[in-house]
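Colleague: Quick one: structure below, then a few questions.
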Amino acid sequence: MDVELNVTLLTLGGFAELHKYRYLYFVIIFTLYILILCFNSTIVFLIWTHENLHEPMYIFIAALLINSVLYSMIIYPKLLSDVLSEKQMISYPLCLFQGLSYCTSVGSEFLLLAAMAYDRYVSICKPLQYPVIMNRITIYVCLILAWLIPAFETSVLGVLYSNVKLCSFTLTGIFCNTSVYKLQCVPSVAISIYSMVMLINIALLPLLFILFTYIRILRISYHCCREVRKKAVKTCLPHLLVLTNFSCFIFFDIIIVRLDSDLSKTLRLTLTFQSILFHPLLNPIIYGLKMNEIFKHIKILLGKEIKFIEMS
């Protein structure tokens, strides 16, 4: 029985001095988790309930924020439980599920950002064809593919991982991500090749498409009138800020995994917190403040809440 437990249970050893700061960790993580759920859900609710926000750009924003909520739900509940536990442990199947769900969420975010970039390109560079190109069917196809492609590709990766023999049972992080790869006795060539192909499909190609699209938008808008340039900056800036934020988050995650043995536990924990805590929180803040139509509805909603509090 003990041998079976050693094989199936993994230790999460990424927390620094948890015994000293256990409740501080919990309060910070729990507070940010609630803020993430509230901020993202509020903007999704506003987009859902107001007809003037039922446009492709806002629908993609809502999908992106829903993806942020799903991403948070993959990590935070287990993280909060671990903070209050004496031993931070997770079963290998659950760890694999968390790691693959994490990869799916990351891939979906890249594909949704690519869909948003294409939407902005058609809106600014082909305004007369916009209603025809970005119709309801196009939106549905983009949304379905953005979630199904990463889910399918990570499912195949899960099948490859299911037959892997483990020789290490300690993860140096605080949750399961791509670092699960380092637990293998012998690195699998099939997993390495497939992981690289998957990375290209759901991350690198969408990123290159996004960069190409925004460069194209900037070039075309530069030769147009001032109104077009103003529209380009006004609508593309929030997306570029989110893309920059997300790219930094992925960059930090790669650093954490690749330079694992060279980083101190405190620095590794700091980088991990930066990537998992602030990314899903910044998205609704950026869109709430930078998108005028959303910001207007937020002010109206806050005004109603203040009046309700004053009346009660």
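Each position is counted from 1, following the chain as shown.
Using N, Cα and C of the backbone, Cβ positions are placed for all residues, glycine too.
Just so you know, TrEMBL annotations are computer predictions that nobody has curated.
Here's the feature list from TrEMBL:
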- 39-287: domain 'G-protein coupled receptors family 1 profile' (DOMAIN)
- 23-48: transmembrane segment (TRANSMEM)
- 57-76: transmembrane segment (TRANSMEM)
- 96-118: transmembrane segment (TRANSMEM)
- 139-161: transmembrane segment (TRANSMEM)
- 191-215: transmembrane segment (TRANSMEM)
- 236-257: transmembrane segment (TRANSMEM)
- 269-289: transmembrane segment (TRANSMEM)
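Give me the lay of the land around each of these features.
Modeller: Residues 57, 60-61, 63-64, 67-68, 70-71, 74-75, 78, 90, 142-143, 145-147, 149-151, 153-155, 157-158, 161-162, 175-178, 180, 198, 201-203, 206-207, 209-210, 213-214, 239, 242-243, 246, 250 of the same chain sit 6 or more residues outside the transmembrane segment (96-118) yet have a Cβ under 8 Å from a Cβ within it.
Long-range contacts of the transmembrane segment (191-215) within the same chain, counting only residues at least 6 positions beyond its ends with a Cβ under 8 Å from a Cβ of the stretch, are 103, 106-107, 110-111, 113-114, 117-118, 120-121, 149-150, 153-154, 156-157, 160-161, 164, 178, 181, 184, 236, 240, 243, 247, 250.
Taking Cβ pairs closer than 8 Å, the transmembrane segment (236-257) reaches residues 64, 106, 109-110, 113, 116-117, 120, 124, 173, 177-179, 182, 203, 207, 210, 214, 217, 263, 268, 271-272, 274-275, 278-279, 282-283, 286-287, 290-291 in its own chain, all 6 or more past its ends.
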Colleague: Determine the mean pLDDT over the domain 'G-protein coupled receptors family 1 profile' (39-287), rounding to the nearest whole number.
Modeller: 85
